[in-house]
Structures are given as C-alpha cells and as structure tokens.
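Peer 1: My structure is below; once you've seen it, I'll send some questions.
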Amino acid sequence: MIKITLPDGAVKEVEKGTTPMEVAKSISEGLARNVISAKFNDTVVETVTPLTSDGALTLYTWNNDEGKKAFWHSTSHVVAQALEELYPGIKLTIGPAIENGFYYDVDFGDQSISEKDFPKIEKKALEIARGKHDYNMRSVSKADALSYYKEQGNEYKVELIENLDDGTITFCDHSTFTDLCRGGHIPNTGIIKAIKLLSVAGAYWRGDENNTQLTRVYGISFPKQKELTEYLQLLEEAKKRDHRKLGKELELFTFSQKVGQGLPLWLPNGAALRERLEQFLKKAQKKAGYEMVVTPHIGQKELYVTSGHYAKYGEDSFQPIHTPKEDEEFLLKPMNCPHHCEIYNSYPFSYKDLPKRYAEFGTVYRYEQSGELHGLTRVRGFTQDDAHIFCTTEQLNDEFKNVIDLTLYVLNSLGFEDFTAQVSVRDLENPDKYIGNTDDWEKAEQAIINAAEEKGLNYVVESGEAAFYGPKLDFMIKDALGRNWQLGTIQVDYNLPKRFDLTYKGSDNELHRPVMIHRAPFGSMERFVALLLEHTGGNFPLWLIPTQAIVLPVSEKHEKYAEKVLNSLENHEIRALIDKRNETVGKKIREAELKKIPFMIIVGEQEEESVTISVRRHGGKDLGSLSVDAFSDLVTTEINSTLKSF
Ligand SMILES: [Zn+2]
Ligand SMILES: [Zn+2]
C-alpha cells in the first residue's frame, strides 16, 4: 500500500500502482468525470500513470490552468496528426501549450499552408478527436527513438533526442499517431469538442535566426462548442481594442522602417497626451518631495560594469559605441539607476538630508529581437517615469508606503480599479540569477511584504519574478482577454548603493550605506499608453483625452458663431476643435464618435439666437442646450471627480 496526500491534507491509503483517475473515482464519480490531468510530487503525470510511492497528488479539471495546459497540449498532438495526414512528408518539431491555446512548429518543406486551409485542418482534427483515442505513454530507448526519427528523416526530433538521456525518453501514441513527448495529456481525444486554428507565423527552429524558418500553427480548443464561440467573441472585442489599431485611428503614434523597428514616433496628439501624463505625475511628485534630474542617453561601459547590468545583459544587448580617437566605449542607457547613483555621489550627504528622491522621465534603450517587438508594449527605446529614493534603513518602510500611495493615486486617476499587487521575490532554486547577498535580499523582501500588509493591499507572492538586483512590488491589471499586464513597479535595492559606494554621514559621525528604492508608477510611457488604450478602448479619462469637444456648425451660415463658441471654449481651457467641412451634421457626428471625442457641440439657427450650444455626449446621450459657462462647469466637475489632487 502507498499513502497519497491530497491538497486538503487528507491522506488516502491505496494499493501500489493505483492511478490518479482511480483515486479520483474513489473520491467521487463526478470528480472522475471532470479530471483531465494530475500532478504527483511536483511532476505532471497522466491520469493513468500508476503511482508507486507515497506522495502528494493534485487532480486537475478544465477549470485549472494546469488542466487547460494538458487539454491544449493534447490537442496539439491531434492537430499534428491532422497535418501529417493532410500534408504527407512534413516534419513535426515541438507542440507546447501556451497561455491561450497551443502551437505546433512544423517544417512544411516545399508545401505551405495559409488561413484558407484552416477549415479543412480543423475538420480533420475534430474527426480524429471524435474517435475517443486514449493517449498512451511508453518508454523508448535512445537508440530506438533515434532510429524511429532518422527513418522519417526528421532531423529536428533527432536533435531533441540527442540532447536527452537514455532512460528518460518517452513517446506518446494515440490513434495511428506517435510523438516524442514528456507527457501531460488528458485521458482521451474525445473530450476535445471544439478546435480552432487561429493563425500561422514564421518561427526559427529553437528561436535562433541562423536556423531554418518553420511554420508555427497557433490554435485553441475547448470541451464545449459554446466556450469556443464565447472566446472568439472576446477575441473580436480585443481586436477592436488593440492599441496598434487605436493608436493609428486616434493619430497618437507611428513607426517608420527608416527610423528603425521598435522605435516609436509620437504624433502631435500622442505627444500632447504624453505631456499631460508627465505633468500630472510631476505635480504629484513635487508634492511628495521629489526633485527632477536630467541625465544623458549614453554612459561609459564601466558605469554598467559597476552596476552589474553589463554582466547581466551586455552580451545580448546593443553593443558599445566606440569613439574614433580615444577608443572610449559607451553604451546606450539601458537603465537610469546608475546615473542617479552618480548624482547622489556628487554631494556628501548627512542623515539630515535624507531621503533624497531623484525623478526623471528617462529614455532607455534595450535590444529586443525583431520577432518580439509588438506595438508600444515591446519596443527598443522607451521612456520610464523613473525615480530613485535614497534613504536610511529606518526610513525605508515609510518611504515604501509613500510610493504605494503615489502609485495608487496614479492608477485611480486613470480609471484602473481592478488590479492586483504582486510581491515578486527570488527563485530560491536559482540563486545565480541574482546579485547581492542573501541577508540583504531577505531584508528587502520582508520590507516589501511589511509595507504591502500595512497598506492593506491585496497581494500575491510570486517567486522567481524579482529583478536581478532586488525584489519588487508590481501592480498588475488584466485586459479584456484575461491576460495579465504589469503596470507600475516599486523595488527595494541594497545592492547598487554598495556597488556605487554610496554613503551618508550618520548622527554618530560615521559613514553609513543608504538603501535605494526604484519606482515607476506608469512603468514606461509607451507601455502605459498602450495599456490605457486597450483598457479604455480609446475613451481616455476626460482630463487626459487629446480633444475634449468638437464644434459642429449645422451649415456654413453658422460658422462665425461656431468660431465664437470655439474661442469661448478655449478661454475656458477646454481642448476643442471645429469641423467646418461641407458635410452633413450626421456624418460629422459619426466621425467624431469614431474619434472618441467626448463632447459634440452642435450649433445652428436656434443656438445662435439663444447664445447657447447643443451638447451631445460620445455614445449618443443628448445633454440638451446649455450656455458655454454651464458646459464648462460640467466638464470641470467631471474632471474633478476622477482627477483628485494628491
Ligand atoms: Zn504530448
Ligand atoms: Zn532604477
């Protein structure tokens, strides 16, 4: 007999060789019907894997992320089988589950597929799924595994197998299909009721640009047709909210191949919006005791060797710039912190001077592979709303809490209410990923948890998510598709002050080491604007939106009055435009709606006579006729309701 411990702590004594599915059955038939995957002692197992030792067992259903992962990975086998049957001679490589679905990387040789082929592939895959084939894992010797794939001429699988140890290699069979696989499958293919291929893209074998370009087929699957339908509706909604699409429509930013990929160009509307965001934060920061600083876009390589950035990222990033005569080496600034450390070092501070809070909208450059670039969320040059606080250990807790307050103020003013706080700590099993000593790390992690507790934040702790120099508190939001995005971040760092030999004179007249907080409530201007676009669908808060109102004269006759109204709005500091084109008011309204302009000001005969304006809200609500003064009050009231002072 063996002892199986369940997640609730209950211990079941079962015969050696009992499977997770049999354990599920012994709990309830209902559970057994829903179990699709399992984990035994931290290893993913099949629901039919015989358990042969004491251990902890977790059973997964479709409602767990792990269950979905098994479901989607299992579907990738079925899709691979369908592809092989439809396109004989192709070479399969890998087919993992991803956050939303799965992909399979395939070498199609001289064949190719496009979205037009999806329906027939989906049909074939569903036919296979309906056969209710079991997934069967079996061990194979390295020699047998190699000869199986050599015979097929599949050099990719051969390469994968060559990197595996004999005795650890397994194949998975279902129906007539066999694949090299570590496991983690649902019981049988019959559970897969809906399969949808989503896209095809190029992908290099092992992510290396020097290797063969493969075709990556993305897909998703569900246990019910209804769930697929709902998912596709959500995808449609997300497409409408895609910041790349909205950014173009609202004329906020663009990219130029001539300037270079991953380097956003801000258009006047976008630049004005960004300026407002900066002013908003600068104002709050000033009240919170920050001082603005300015530092250059490049720094000597030595600076980043000192900070540890070079050892960590140097090889994989933009390479040093050499001066022609002196052969000095400079790097594009990947982070502002080293520069701010040197600003701190320019003056001998005493404990009475601390905390020092240096803020900068600092532009940094980081190399991203071209395939990784994505609109404003993954770029090669971006501006952080950065600041570094240098304080004593005694001040750390208060300073950290003040930064939490500032971050919450920023998020609330921009309409982000549904966010989670994540305390990102070290991965204790991979200490090499981090710099600094264990003592400092423990202190820093504890400081963050204490501050989060005292602020009453609802937080989760994620191990392995820390920065390489220190733990952090990240604010995360979920988008329409349920994807998690990181917004602001606050980090505690004992490390850089040591590396830069930062000191202050204490009340004891001795030199002491300050502790450093890195923080950026927006994260970066680029990423923040992207998320704000997707979050609001372009309907920015009134205080931030580029154009708050548009004046629409009913006909040419009323243009003069319309100009007067515009002038008056501008005097009330309302950002307004006028649409004098020779179009119908109906058409002008429709276009203003598309541009997401919050207020449409219609002026005609009646308005001119009564010296009023007719106001229509974005989305269709008629606010009736008002004086410009009354309208201005209405705008001010709405702005003040979201934008409180810090
Ligand atoms: Zn598999
Ligand atoms: Zn920093």
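Positions of Cβ are set from backbone N, Cα and C atoms, glycine also.
In case it helps, TrEMBL gives these features for our protein:
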DOMAIN    1-61  domain 'TGS'
DOMAIN    242-541  domain 'Aminoacyl-transfer RNA synthetases class-II family profile'
BINDING   CYS337, HIS388, HIS518  Zn(2+) binding site
Peer 1: For HIS518 (Zn(2+) binding site), which residues in the same chain are close in space, meaning a Cβ under 8 Å from its Cβ, but six or more apart along the sequence?
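Peer 2: Looking at Cβ-Cβ distances below 8 Å from HIS518 (Zn(2+) binding site), excluding near sequence neighbours, one finds CYS337, ASP386, ALA387, HIS388, ALA467, GLY470, LYS472, THR489, ILE490, GLN491, ASP493.
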Peer 1: With DSSP, how much of the domain 'TGS' (1-61) is helix, how much strand and how much coil, in residues?
Peer 2: 14 helix, 21 strand, 26 coil
Peer 1: 10 Å Cβ neighbour count around CYS337 (Zn(2+) binding site)?
Peer 2: 22
Peer 1: For the domain 'TGS' (1-61), what's the model's average pLDDT?
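Peer 2: Its mean pLDDT is 94.
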Peer 1: Taking the centroid of the Cβ atoms of CYS337, HIS388, HIS518 as the Zn(2+) site, which other residues of that chain lie with their Cβ within 8 Å of it, listed in sequence order?
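Peer 2: The surrounding set, listed in chain order, is MET335, ASN336, HIS340, CYS341, ASP386, ALA387, GLN491, ASP493, LEU496, MET516, ILE517, ARG519.
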